[in-house]
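Structure, as structure tokens:
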Amino acid sequence: MDNKSLLLALIGGSLILFLAAVIGFKTLARKNTGQGSMREYQRLLAPGKRDTLQSVYSRLQRLYAWLARIPLFQTYLANIRKRLSNLHTYDEWTLRKETMNIALSAWGALSLATLLLLLLSHDVLSLLAIVISMWVGHGIIVDVFVSRLENRLLWQLRNFLADVRHHFHQHGMVEEAIYDATEASPYEVGLHAQAVYDVLTASNSEERLEQYYETAPNRFLKGFAGISYLVREYGDKLTQNGSLYLKALSRLTTELNLEILRREKLSYLLQGLTAIALIPILFTKPIEHWALGHFPAMNDFYEGKLGFLTKIFLLAIIFGSYVLLRKMQELDGSKGVSQRKPWGQKLYEIPWLRWIVDRIVPAPATSEAIRSGKLLKETNSPLRLEWFFAQRILLGALCWLVSLGMFMTMHFIAIHHIETSAPNERLFGQLSSAEQAKAVEETALDRRIIAVVKGMSEQVNEAVIAELQKVPQLAQDEGRLTAAAHRIVQKLDAINGEYMKWWEAMLSLLIGWGGYDAPLGVLWFQKRMRQMEMKHEVDQFHSVIAMLSEMDRMSVEELLEWLERFAVIFKSPLQHCLLHYEQGAERALEQLKEDSPFPPFVRTIEKLQLAVEKIPIRQAFDDLETEYAFIQEQRKQEYERIIDTKAGWGRMIGFAPMYALIFLYLVFPLVYVSLNQMALYYEQLQKIQ
């Protein structure tokens, strides 16, 4: 079997194994999403008769325990666990199962893809591309699995709220309705439903509720737990539209439905863009082989320093597109606060680096410090200003050093190409066997003589001719000897010209400055994406206010606490307002308006100011009921516009690497080599004339 057949068989087998693994995991996952899944998991956990599914899960548990003893794998599994911990806080068994599910799926697919890439290419840049592909591909796979679990929990919560509503009609008691709905609930939401039930029936319900707020994976579960606690403590209330609790559940379900539809549409429009941004890595070698097969002269470009620079630039575009798409796909605006130290903080704790940062970071009262601090708050970043500048300094230094190394490598590549590449003056077609053998022989002779005369500063031409006269074939042919000497001297001049230029050093500094400003650019992009969601978050605030405004014991401070739990974009200003609320409500609310000068949000705060002393909360927000239908229709239109805008940005960023691949790696090299060939032909024509 030849190499081509072996490669095709390997690709086919890899695809079959990958599809089989995906189908198997999908089948196992769907078995655990139906009604009564709590009882199914209890059966799997209980000892007794072992079936196939239980055996598979048990082996995953043993594999997890074995890998957790190895330091490197322990850190890797811990990182995946942290992304899943909020979804499965109350069950270690399921948390381990899902962690191994993601890890095995990710590395199974990546191992197959890496094997194929290694078979296709072996150069250093291809290995770098493989490393980037593995890192990006792993992030894509983990995001897909985590997003699947998040979406599944939202769908289960939607059905669970309908069951709670049904059972509340029967009992009229919140805790009993939740208990009955939990009995038939799917597994994931059943864990949280049981936690909410435990909160309501505990002797220290308020303390348990605050603890649940810290672990709840989304704002909808927080809202459900909070409204259930309020009704459990103070009783239900009949309004013009019926039960206050049922009305709150309806509002919560409406927000949940909008979130589900928004997630699904954004996922549909953006889910393949990250993979599309990664695809150009796989097509660099095929394009290069095709171009060399049809235009052999393009070898000078691909093997030279321009080709090296193009590959590096293409990898940078792919990496940048991936980072921006990841920021765009963070639907909740934040991944949550990690328990690990940010790497900027770790850098700042290094004494000598701290000394440098303290002298570069702007003073607290300067405009740059205020602007940077405000940007960190607006993007909900956990970094302090010093940590952020430590990251910027390190990234700038790395970009500067990498660019210097890149320019030095380019010169080494150019020298190696000059010494080893066989001359080919044809743009189209291949050299004949005799011509190829002659070119290789001339290149070997040139390399041998260059090694002898390299480093000589005087009488280089004489030394080259003297060495060539030692070759019997050239010594007898004056014309061939002169041509060979001219060719070798040209190569020596080209080699001597390959050194670090002043403009390359300046360009390295410019690249380092770009790396220094890159984190700032990412934050500005993230802020721009979050600004699209501001009106959406204010509309969610109005839904929360509509749920709570009918409650007699609701105060403005408690309402602000609820808004802070639901907030993402306005979370930091609301926390600052609550921190200073006891020192003066009016002053704290005025500061809140100054911190977040978004007009719809400012109007909401002005109504809260009226509700502090002058009028009740329900009267301040009475327009929410009268204009409910109009507001909902307006929200749908705004959601469509936001989604279309994000989809446009996503397509532009996602397809940028593909456009760059076609233009920089195919069109530009062809034009560049064609112009060089035309200049060469024109020079030869002038010599003939």
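Glycine too: its Cβ is placed from the backbone N, Cα and C atoms.
Database features (TrEMBL):
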TRANSMEM  6-29  transmembrane segment
TRANSMEM  102-120  transmembrane segment
TRANSMEM  126-146  transmembrane segment
TRANSMEM  266-286  transmembrane segment
TRANSMEM  306-325  transmembrane segment
TRANSMEM  393-418  transmembrane segment
TRANSMEM  505-525  transmembrane segment
TRANSMEM  656-675  transmembrane segment
When counting Cβ pairs under 8 Å to the transmembrane segment (306-325), the leader among 126-146, 266-286, 656-675: 656-675
Same-chain residue ranges lying at least 6 outside the transmembrane segment (656-675) that approach it to Cβ under 8 Å: 276-280, 283-284, 287-288, 291, 295, 297-298, 300-302, 306-307, 310-311, 313-314, 317-318, 321, 427
Positions on the same chain near the transmembrane segment (266-286), where near means CB under 8 A and six or more residues out: 117, 120-121, 126, 129, 132-133, 136-137, 140, 143-144, 147, 151, 311, 314-315, 318, 321-322, 325-326, 328-329, 331, 643, 646-647, 650-651, 653-658, 660-661, 665
Tertiary contacts of the transmembrane segment (393-418), as residues 6+ beyond its ends and Cβ separation under 8 Å: 300, 303-305, 308-309, 312, 347, 353, 356-357, 360, 491, 494-495, 498-500, 504-505, 507-509, 511-519
